[in-house]
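Let me begin by presenting the structure, written as structure tokens, before commenting on it.
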Amino acid sequence: MRRDEIVEGDALHPGDPVVIDRYSTAARFNHWMTAASLVLLALSGLALFHPALYFLTGLFGGGSNTRAIHPWIGLFLFLGYMGLFFRFWKVNLWTPTDGTWLKKLHVFLIGHEEDMPEVGRYNFAQKAVFWWMGILIMISIASGLVIWEQYFAAYTTVDQKRWAVLIHSVAAIVMICIVIVHVYGALWARGTMTAMIKGRVTGGWAWRHHRKWLRELAADPKANRGTATPAE
Amino acid sequence: MFPPLPNPSTAPGPARFGDKDLIRRSASTVTPPAQRQTEVAKLIDVSKCIGCKACQSACLEWNDQHEEVGVNTGVYDNPHDLTPASWTLMRFTEWVNPETQNLEWLIRKDGCMHCEDPGCLKACPAPGAIVQYSNGIVDFVKENCIGCGYCVKGCPFNIPRISRVDEKAYKCSLCSDRVAVGQGPACAKACPTQAIVFGTKEEMKKHADGRITDLKSRGYKNAGLYDPPGVGGTHVMYVLHHADKPEIYAGLPNNPKISPLVELWKGVAKYAGFAAIGALAVGSVLHRLVAGRSEVSREDETNAQRLAREEETKERASP
């Protein structure tokens, strides 16, 4: 049986309702560390982006401290994302279904998910978040190093720094937009937050949102922890 | 000759300008004073400079800065670039005039130009770290500086330097403390040839006119005043013998402007960025109101149970 959509640790426990382990403790810890650094980066970055938000530097102990700490949180975000990347890159690979799914995006948006093609562990939108965040984090790290005045000022020209600071701001804005969509999506689809909080979802949730993943889990003797002992 | 400023009285008196005279304050909005002070300016006559570096010494001395002992690399420039301590620097250029084949030794005193439209101030994110007084002086306020280096990106002349000791930005203050008590900058005071003079901007332009006429009468047909309009004019101006090509003076920019990248970053990016974030936030709320929540039904749960059971049975049946 193919296990294209299954990640190590995914398991199905029959019952009423069916309970599925979607995110291990390590994966959730990894996710929330990444999320926390993103929030801190957004707050400290926005504080230096617009004067109206300069008061946010108060959260970090003043302007100089905000300036000093922001890049370090950036490195932390990078590590966090790399963790998520190696954990989930395989199940975020492009499949032909994603193209079909995107064409019917409007159907998805009005809430008729039953009319959408069956998707695996992640749908098109989730994969887009995964890859775009990766690309934008790489861009932010690269441009961020260029404008990390304290340690890297000497390595680039002023004009390169001007490009970097512009690119860094635009990448950050796009990331904040993606995070808004990401968080909204998780809140919109009821039953999703438990995946990242407790690590579990119900079978019905998987049936509705990730049926291909559910089918693989059910058909996989290792993942389907049925009542009977697995066939030898 | 421009008469040097007389020494001021030693009796204490009020400062000639202060916070009430701010016309710009970084990352803040200020109400400019109703009455603008007479604009001041420093005029640097490059044709009169002998490269003695008395201005550099006077600058270090007055501002209590200490330059590190450097290394000679075979050029006269010392230090090799502006530093957090050296707010002014003689830049030496050996230039062969293509028309006369004469070797001309061009010496330009580099430092902050005190732009009327200061790019450093525009880029600065820290409220009050950079201020502009109505007399034209652009000053860095160390207490408010956070050391981000945005001023470096904003400056069209590559002037501010960030100290690695205290992570604060430094540049020429046009000796705002001296000007406040009626004195000229320390560099002007020390200059032995009056290549540096200080007064009102009008006086300086008039004085420059005389100098330019003199230079033209001596064959420098392109002599002129460097007061670049792209930054709204400056409060440090040069008399150049070759004003048609300022770049030969150790890269003095021809028609400097705040970089369009900085304008974009501090302009459109800011507003478009917040608009995009706001639109998505509002869009999410609207979507929730229109489309409702995506709910998992009882039927979904039953389907999942059936599927799990069926597949398990299949597995058990298979060898």
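A Cβ is built for glycine as well, from the same backbone N, Cα and C atoms used for every other residue.
These numbers come from a predicted model, not from an experiment.
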| Among B:Cys49, B:Cys52, B:Cys59 - the residue TrEMBL places in the same [4Fe-4S] cluster 2 site as B:Cys172, B:Cys175, B:Cys187 | B:Cys59
| query | Given that TrEMBL lists B:Cys112, B:Cys115, B:Cys120 as binding [4Fe-4S] cluster 3, which residue among B:Cys55, B:Cys155, B:Cys191 does it place in the same site? | reply | B:Cys155
| field | Top Cα neighbour of B:Cys115 ([4Fe-4S] cluster 3 binding site) in the set of binding-site residues B:Cys59, B:Cys145, B:Cys172, B:Cys175 | value | B:Cys172
| request: Mind sorting out which of the binding-site residues B:Cys120, B:Cys148, B:Cys172, B:Cys187 are close to chain A, meaning Cβ under 8 Å from one of its Cβ atoms? | output: B:Cys148
| Could you tell me the C-alpha distance between B:Cys175 ([4Fe-4S] cluster 2 binding site) and B:Cys145 ([4Fe-4S] cluster 4 binding site) in angstrom, no decimals? | 19
| request: Check each residue in the chain of B:Cys172 ([4Fe-4S] cluster 2 binding site) that is at least six apart in sequence and keep those whose C-beta is under 8 Å from its C-beta; list them in sequence order. | output: B:Cys59, B:Trp87, B:Thr88, B:Gly111, B:Cys112, B:His114, B:Ile159, B:Val236
| field | Reported mean pLDDT - the domain '4Fe-4S ferredoxin-type' (B:136-165) | value | 97
| Near B:Cys120 ([4Fe-4S] cluster 3 binding site), meaning Cα within 10 Å, which of B:Cys145, B:Cys148, B:Cys187 (binding-site residues)? | none
| If you take the centroid of the Cβ atoms of B:Cys124, B:Cys145, B:Cys148, B:Cys151, the listed [4Fe-4S] cluster 4 site, which other residues of that chain have their Cβ within 8 Å of it? | B:Ser26, B:Cys120, B:Ala123, B:Pro125, B:Ala126, B:Ala129, B:Ile130, B:Phe140, B:Ile146, B:Gly147, B:Gly149, B:Tyr150, B:Pro160, B:Ala169
